[in-house]
Amino acid sequence: MSSMLKGIAASNGIAIAKAYLLVEPDLSVERKEVGDTEAEVNRFREALATSTSELETIREKANVDLGADKAAIFDAHLLVLSDPELIAPIEDKIKNESLNAEASLKDTADMFVSMFESMDNEYMRERAADIRDVTKRVLSHLLGVQVSNPSMISEEVIIIAEDLTPSDTAQLNREFVKGFTTDIGGRTSHSAIMARSMEIPAVVGTKEVTSEIKNGDLVIVDGLNGEVHINPTQEVVNHYKNEYEQYEKQKAEWAKLVNEKTVSADGTHVELAANIGTPKDLEGVINNGGEAVGLYRTEFLYMGRNELPSEEEQFEAYKAVLEGMGDKPVVVRTLDVGGDKELPYLDLPKEMNPFLGYRAIRLCLDEQSIFRTQLRALLRASSYGNLKIMFPMISNLNEFREAKSILEEEKSKLADTGTKIADSIEVGIMVEIPSTAVMADVFAKEVDFFSIGTNDLIQYTMAADRMNERVSYLYQPYNPAILRLVKMVIDAAHKEGKWAGMCGEMAGDEIAIPILLGLGLDEFSMSATSILKARSQIRNLTKADMENLAQEVLQLDTNDSVIEAVKKVINE
Ligand code: PEP
Ligand code: MG
């Protein structure tokens, strides 16, 4: 039967393909006494053999698709599968205690996992993770439950998941993964942001895709309207094929603006910049006519691995981005982990409120060696392009002053060694915490620029977790409370002769753009795939009219009244 679920439109575009469920299987184990222990040992050995051949196939595929270093993970898993120190005690348990294979495996593996995890040795803790993974695989065969192997996907699919972490998203193979949809998440969760930069249509926060969709169902992800259609009728499929073609045509129209400047109908130039996560995203920036990189989220360099990236590795990544952009500005944000971006290898304690916790600049000022390594890599790369450095999550002036003085210290140490560093590097901050927006006039005397991070600014101002789909209606970028804060920041910058940009998702939003133009925003930084559409929109707007519109909406009462007022003006 066909049905439809509503969610949050997280990444534009339309995808039609078969469903691939990426869900944690139910591997709960029942304890049972077995009569024929010999047969039970054989059943266990069969599960081991199936797991081994499955892992060998995955390893081969990973070797070809992802390279030898990623494939090495599976070598470690294969070693566990053939390790007599693990296998023998399981078989003994089956024989001596007449305990079923599932429970014998689980008891033994749990014992090793907790032993390795408690060791003060990173290598052993990683072995604990390997044992946990391998146990899951063998258990799935014993229980006859399917575990998903996303790296084995070899046909066009739509991923259906409860949630995707940013590193899950980074591993999606664009060739086969045509779209994704999740139960949880909001428009500004990082998996949604990454889907936009990868141009994968996505609908998040549907609450129930994983319970409504089965493997192999035909699914349409409508990332334009936030709809997921399950086993649609032929009529719906035809409708969407048509929508897809229209969307492609529209994109071809926008593409004609790739080499144009972004100028309003009455001649004001604003800068349209792109948000990137890795040097690989540069291609999209260039293809979409980005005039700058307004936000390089460097934390992705630290994710999906087992240790911190070295200074050299960071230097190469920053240099590649700076060189790739030539003389165009590149705003590099220093490490912003925490919230939904975890680095398991830092082994930080779990927090009740990770978005309000030990993250970003707070961690960097505390763990200074991590911060200083990054700053050195940035300073060394600075002579290869037009670098600007930006600190995330600044909540008060002391943090900015301390971060800046650490930067100055590293700069003078490097200069003493004769390292070439760019003559002038602008140093700015993200304005994403309300206390900083309120104090923008004071900050403006000390920073070189502001970039307003509305994804966090909205979550903190409205007190609504950006990952929680139940409160996603409080993500209200046009709420006059937010607009007034944005105005304070822009005015404060201009009063001191500084520039103000925005790198939250709001900067690429078609309802927000007219207001932001009217408020005098200088730089709009967004997913590269939104740039051409925004350019086309701005070329049709008159700045003087948008100034009037901005004045009007600042005095309105709710998010909805602002939407209405903007629509009236832009549809005229
Ligand atoms: C923001 O908060 O608006 C922002 C751009 O940073 P991030 O989305 O990475 O938190
Ligand atoms: Mg942020």
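Here the Cβ of each residue, glycine as well, is placed from N, Cα and C on the backbone.
Remember, it's a predicted structure, so these values are computed and weren't measured experimentally.
Feature annotations, courtesy of TrEMBL:
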| type | residues | note |
| --- | --- | --- |
| DOMAIN | 6-127 | domain 'Phosphotransferase system enzyme I N-terminal' |
| DOMAIN | 154-226 | domain 'PEP-utilising enzyme mobile' |
| ACT_SITE | His190 | active site, tele-phosphohistidine intermediate |
| DOMAIN | 251-541 | domain 'PEP-utilising enzyme C-terminal' |
| BINDING | Arg297, Arg333, Asn455, Asp456, Arg466 | phosphoenolpyruvate binding site |
| BINDING | Glu432, Asp456 | Mg(2+) binding site |
| ACT_SITE | Cys503 | active site, proton donor |
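Under 6 Å, Cβ to nearest atom of ligand 2: this is the test, and of the recorded positions His190, Arg333, Asn455, Asp456 it is passed by Asn455, Asp456. Comparing C-alpha positions, Arg466 (phosphoenolpyruvate binding site) sits nearest to His190 among the recorded positions His190, Glu432, Cys503.
For ligand 1, the neighbouring recorded positions among Glu432, Arg466, Cys503 are Glu432, Cys503, by Cβ distance under 6 Å. Taking the domain 'Phosphotransferase system enzyme I N-terminal' (6-127) as a whole, pLDDT averages 88 in the prediction.
Sequence-distant contacts of Asp456 (phosphoenolpyruvate binding site), defined as residues of its own chain at least six apart whose C-beta falls under 8 angstroms from its C-beta, comprise Phe355, Met393, Met430, Glu432, Ile433, Arg466, Gly504. Taken over all pairs of the listed phosphoenolpyruvate-binding residues (Arg297, Arg333, Asn455, Asp456, Arg466), the Cα spread reaches a maximum of 20 Å, rounded to the nearest whole number.
Each residue of the domain 'PEP-utilising enzyme mobile' (154-226) gets a DSSP state, and the totals for helix, strand and coil are 17 helix, 19 strand, 37 coil. Its own atom aside, the Cβ of Arg297 (phosphoenolpyruvate binding site) has 24 Cβ atoms within 10 angstroms in the protein chains shown.
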